[in-house]
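Each remark here refers to the structure printed beneath this line.
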Amino acid sequence: MLIAHVALPVPLHSLFDYQISDDLISRARAGMRVKVPFGARHMIGMIVSIDDKTQFKPEQLKSVTDLLDDKPIFTAKLWQLLQWAAGYYHYPLGEVLFHALPILLRQGRPASRAPITHWQLTELGKSTELASLKRSVKQQQLLQAFLQNNLEPKEHDSTTFNALKKKQLIEQVSTTLEVTDWRPDFSVNPTRIILNNQQKKAIDRINQEAQFTTWLLEGVTGSGKTEVYLTVLENVLAQGKQALVLVPEIGLTPQTIARFKQRFNAPIDILHSGLNDSERLNVWLRSQQGENAIVIGTRSALFTPFADLGMIIIDEEHDSSYKQQEGWRYHARDLAIVRAKQENIPIILGSATPSLETLNNAEQNRYQLLELTERAGDAQLARQHILDIKGLSLTAGLSQPLIQQIRQHLDQNNQVMLFLNRRGFSPLLVCHDCGWIAECPRCDRPYTYHQKQQRLVCHHCDSARQVPPQCPKCGSTHLVSVGFGTEQLEQQLQQLFPTIPVSRIDRDSTSKKGALEGYLNAIQQGGAHLLVGTQILAKGHHFPNVTLVGIVDVDGALFSTDFRATERFAQIYTQVSGRAGREKKAGEVILQTYHPDHPLLTTLLKQGYNAFAKQTLQERQLTCLPPFSYQMLIRAADKNNRRAPEFLQKIYDWLKANTSDSNLWLIGPMPAPQPRKASYYRWQLLLQHQNRRALQLMMEQLIGQIEFWPEAKGMRWSIDVDPIESY
C-alpha cells in the first residue's frame, strides 16, 4: 500500500496521509495536485512525498479521490524554494505552496491553456445575402459584422448569436493556442542613451558573471539604474533566457514599464492587480512554457515558474512593500536571492538608498557593490536647505518662506512638488466646545477627516462613517479639524495659486484604474504645475520639470520608538529630494522642521545617505540590533484582552524552561505599539539572538509544542521572521 503525504492549505504544520488507489499509483508523483476528502468536504492538496510509511491503520486512511496533474505543477527548483521558505518562515507548507499558485490552480483548474472559444461564419453564412435577413435588423447587423471582419461581440446580444447559429450561418469553434517562440524574432531598439563610465563599468562587471552573484547597484537618484538594467538584459535575452523584474508597486512604475517595452522586441508580461484570474493564469503558463522574455511584477511574481530563467532584478530593494505583512510573512527580496542561488543565476538589487541589511552584506562581501555616484546626462544634485519654522505662522503646514519659493519657481514656468506623508484633510476632528475627538471604536484611534467625501476614515482598519452633524457628547455643531493632510494642502495651494493646476497623488486620489497614469501624463506635459502627495511620489518617477521639492512635515519620524524609523525617514527623504533637478534645470529642496539641529537631519543634508547609513550601522552594532542580531516576533490577538497575553506568557515560560541560552533575549509579552485594531487587542513577544540558526531551532521546537496547546485553538497568532514592522 502506497501512501501520499499531502499538504493542504490549512493552518497546520502537519501533512495528511492518504492511500493511493491502484489506478493512480503509476501516475502519482510529488508536486502534483490531488483532490482529497477532508472532514465533510473535498479539498485540493499537493503531494509532498510518496512511500509506504504511515502511523495509521489502513482502515483509518481515506483515499486520494483524483489526480489533477500529469506532471509536477512547479519546476524542481521552485518546489525546492517553497519547501525551504516554509521551513525558514515557520509557516504551514500547504499554505505556502498554494500561496504560490494562481487562484484558478488553487481551485483545481487544469494547468494548461484553456481552449479559446469563438464564433465564425459557416460556408452557408459566407454565401448568404444580407437582404435575406431584412426582417431582423439585429441579425442583419451581426452577419454584416462577420462578413466585414468587424465583429465586436459586446455590441450584440446572445439571442442574436443563437438565432444565426440556429440558421446555420455561424458556428462556435474552440482552438488551443500553440506555444510561440519569441527568440527567432528578438531584437533591440537601436536608439540608445549615452552611458557614462560608471554605468559602463557596472554593465561590464555584471555581464562577466553568468552564475549566481548578488549585485548591489547603489546609484543616486537619477543616476541611470534603469538603463543599466536594460543594457544587462539585452545580454540575457540574446542568449534566449528569461528575466524576472520585481518592483514595489506596479501602478507606480508606468514610465519604467514603458522603457522596457520600447527597448525590446520581445513579449513582456506585467503581473498587476488589474488582471483577472484567467489572465493571471495565462501569464503563469506563458512563463512556464518560455513564451515571454520578461515578467515584471510585485512581490508575488517571485513565484512565477520559468522555462529558462537567466536573471532576477529587484528594483528599489529597500522598499518595505516587498515584505508581506499578513499571513505568510515572507520577504520577496530575501527569497529572490535564495531563488537566484538555487537557479545559479545573477540577481541585481537596485536602490539609491539600500537597506542597512543589504549595505552590511555588501560590506561583508556577501554582495558585490556597484556604485553610480553621478546623475545621468547633465543633471546636477539639488541644493538642500533646512527651514527652521519655530515662531513662523503656518497655513495648512506651509510657511511664508516656502510659499515665496514656490511662487518663484512657478513664475519661471517650473514645477513644484510638496511631500506630506499624511493623506486626508486632517488627522483629527474635534468638538471645539467639549473637546470630544472622533475615534474609531474598533481601534481606539482618531478618525482621519476626509472633507471631499465628508467622511471619517480609520487609516488602521479602513472602517468609515459619515461626519456627524453635531457632537455626540455635548450636542454642539462646532466641530473643527485639527492638523493637516494632503487634501487640505491641495485646497490651500488652489487658493494661493488659482491659475496653476494642482495634482494630488496619494492612495485616495489614485485608487481608480488609470488615475495615476493620468496624473503623470498631465505632469509630463510640462508648464507650471503643483504636485502634492505622499510617499507614492518618492517611488521612481521621473519629473524633468520639477525644480523645487518642499518637505512639509517630517518631525514625527525624528522621535519614533521604532529603531527602523530613522532608516525609513532617511530613505524617503533621499528619494523625495531626488525628484528635483533631474534634467538640465537646477533643483532645490526645502525641508521644514522645528528641529533644524537634529543630528539625523544635519548628517543627511550635509553628508548624504551613505554617511547616515554608516553611522546608523555602527549604532546598531553597539546595541546588537539587526543586522547584527536576528529577530522573530510572535503576535497574538483576541477580543477580550486576556487570552492573547496569557498565550504569549505560556510561550515565554516554555522558552525560559527549555533553553539555557544566555544569548536569547525575550522582550514581552507586551501590548503592540497599536494595542487595538479592528476590535482585536494585540500583544507581542520579541525573540532576539545573535545566531540565526540557534533561533530557528528554538522556533522549530516551540511550534512542535504550540500545536498541541489548548490555548492555541481559536487564537489569532502568527510568527514574523525578520520583522520590519513592530506594530
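Glycine too: its Cβ is placed from the backbone N, Cα and C atoms.
Curation does not apply to TrEMBL; its annotations are automatic.
As recorded in TrEMBL, the features of this protein are as follows:
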type    : residues               : note
DOMAIN  : 206-372                : domain 'Helicase ATP-binding'
BINDING : C431, C434, C471, C474 : Zn(2+) 1 binding site
BINDING : C440, C443, C458, C461 : Zn(2+) 2 binding site
DOMAIN  : 466-625                : domain 'Helicase C-terminal'
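Here the features listed in TrEMBL are placed on the structure.
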| residue | record | Cβ within 10 Å |
| --- | --- | --- |
| C431 | Zn(2+) 1 binding site | 21 |
| C434 | Zn(2+) 1 binding site | 12 |
| C440 | Zn(2+) 2 binding site | 24 |
| C443 | Zn(2+) 2 binding site | 20 |
| C458 | Zn(2+) 2 binding site | 21 |
| C461 | Zn(2+) 2 binding site | 16 |
| C471 | Zn(2+) 1 binding site | 20 |
| C474 | Zn(2+) 1 binding site | 12 |
Next item on the list: Find the one among the binding-site residues C440, C443, C458, C461 whose C-alpha lies closest to that of C471 (Zn(2+) 1 binding site).
Entry: C440
Next item on the list: Check C440 (Zn(2+) 2 binding site) against DSSP and tell me helix, strand or coil, would you?
Entry: strand
Notebook entry, point to check: Relative to the mean position of the Cβ atoms of C431, C434, C471, C474, the recorded Zn(2+) 1 site, which additional same-chain residues have Cβ within 8 Å?
Noted result: H432, D433, G435, W436, P472, K473, G475, S476, H478
Note to self: I need the neighbours of the Zn(2+) 2 site defined by C440, C443, C458, C461. Which other residues of that chain put their C-beta within 8 angstroms of the C-beta centroid, in sequence order?
What the structure shows: P441, R442, R445, Y447, H459, H460, D462, S463, K677, A678
Notebook entry, point to check: Among the binding-site residues C431, C434, C474, whose Cα is within 10 A of the Cα of C458 (Zn(2+) 2 binding site)?
Noted result: none
Next item on the list: Pop the mean pLDDT for the domain 'Helicase ATP-binding' (206-372) in here, whole number is fine.
Entry: 92
Checklist line | In three-state DSSP terms, the structure that C431 (Zn(2+) 1 binding site) belongs to | finding: strand
Next item on the list: Pop the Cα-Cα gap between C443 (Zn(2+) 2 binding site) and C474 (Zn(2+) 1 binding site) into the table, whole Å please.
Entry: 23
Next item on the list: Please tell me which one of the binding-site residues listed here (C440, C443, C461) sits closest to C434 (Zn(2+) 1 binding site), measuring Cα to Cα?
Entry: C440
Checklist line | C431 (Zn(2+) 1 binding site) versus C461 (Zn(2+) 2 binding site) - Cα distance in angstrom | finding: 23
Check: Just the number: how many Å between the Cα atoms of C443 (Zn(2+) 2 binding site) and C431 (Zn(2+) 1 binding site)?
Finding: 20
Notebook entry, point to check: C440 (Zn(2+) 2 binding site) to C431 (Zn(2+) 1 binding site): how many Å between their Cα atoms?
Noted result: 16
Checklist line | Where C474 (Zn(2+) 1 binding site) sits in the secondary structure, as DSSP reduces it to three classes | finding: coil
